[in-house]
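One structure follows; several queries about it will come next.
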Amino acid sequence: MSRSSATLIGFTAILLWSTLALATSSTGAVPPFLLTALTFTIGGAVGIAAGLARGVGLSVLRQPWPVWVHGIGGLFGYHFFYFSALKLAPPAEAGLVAYLWPLLIVLFSAFLPGERLRPAHVAGALMGLAGTVVLLGARAGGFGFAPEYVPGYLAAAACAVIWSVYSVASRRFARVPTEVVAGFCLATAALSALCHILFEPSVWPVGSEWLAVVALGIGPVGIAFYTWDIGMKRGDVRLLGVLSYAAPVLSTLLLVVAGFAAPSGALAIACALIVGGAAVATLLARR
């Protein structure tokens, strides 16, 4: 598989993640850890079924413990700290801090062998971050980082660091088959179910809400993690980091099309910054 093909496959994860908000809005009052448990169970099943269809047996899950620490720590760790951040701090501020992960991916990629971090990559990532600031700030009517929410900000920062480290470190585990991600998903589902039992009331999906849960499990919480794994292991990590800032903008555009949000000047500015950042990272970095 070529580097450009792997990058394109990795970008499909970003496209799928942009549907998260719209799909999640159709799951009703299902609490976050229960929703995570349900969707990751489906996502894990999708991976196992796809592997078996290609002749890859369950023996592929026999991996050294560092592989499991990396995978479960990345998937479950990110979601645990993200949900904690949303409970401990206002969603806008928590979301902004959490969305430092694309920039961190770009910066951390400099530590990978054979990768060279160019100023254009950093500039593109900063433009993407600026677009996210404009978009999230407009939604919330501004930001107000208050001292009493420091635990929430720290939790959001933790999830940003965890996901960026997981993503970049995937290159270190390039020989581990992508099918192993199914095991990460199922382990994340089990730990999320435990957190649900300990911390949340049980509100199960009803009627058409199950369709949204299944769609999440197949797409943004299923296929996306497998394609992201391919992109991180074989694609352009720096470019995928910059392109990740497209997710919140595409997510908002989908909400506008579906009638859940209104178009705004902030959305247009965010689009311009993120598209411009991607262009800077793609074109100037080649010179």
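The backbone N, Cα and C atoms fix where each Cβ goes, and this holds for glycine too.
What you see is a predicted model, and the numbers here were worked out from it, not measured in a lab.
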Does Swiss-Prot give Ser2 and Phe260 the same topological domain, putting them on the same side of the membrane?
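No - Swiss-Prot names a different topological domain for Ser2 than for Phe260.
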Sort the residues of the topological domain 'Cytoplasmic' (171-176) into helix, strand and coil with DSSP and give the three counts.
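Residue counts in helix, strand and coil order: 3 helix, 0 strand, 3 coil.
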Could you tell me how many residues in the topological domain 'Cytoplasmic' (1-5) are helical, how many are strand and how many are coil under DSSP?
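Taking the topological domain 'Cytoplasmic' (1-5) as a whole: 3 helix, 0 strand, 2 coil.
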Where, among 32-54, 119-139, 209-233, do we find the most CB pairs under 8 A to the transmembrane segment (150-170)?
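By the under-8 Å Cβ criterion, the transmembrane segment (150-170) pairs most with 209-233.
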Using a Cβ cut-off of under 8 Å, list the residues of the same chain at least 6 residues beyond the topological domain 'Periplasmic' (259-264) that approach it.
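Counting only partners 6 or more residues beyond its ends, the topological domain 'Periplasmic' (259-264) has Cβ contacts under 8 Å with 22, 25, 138, 252.
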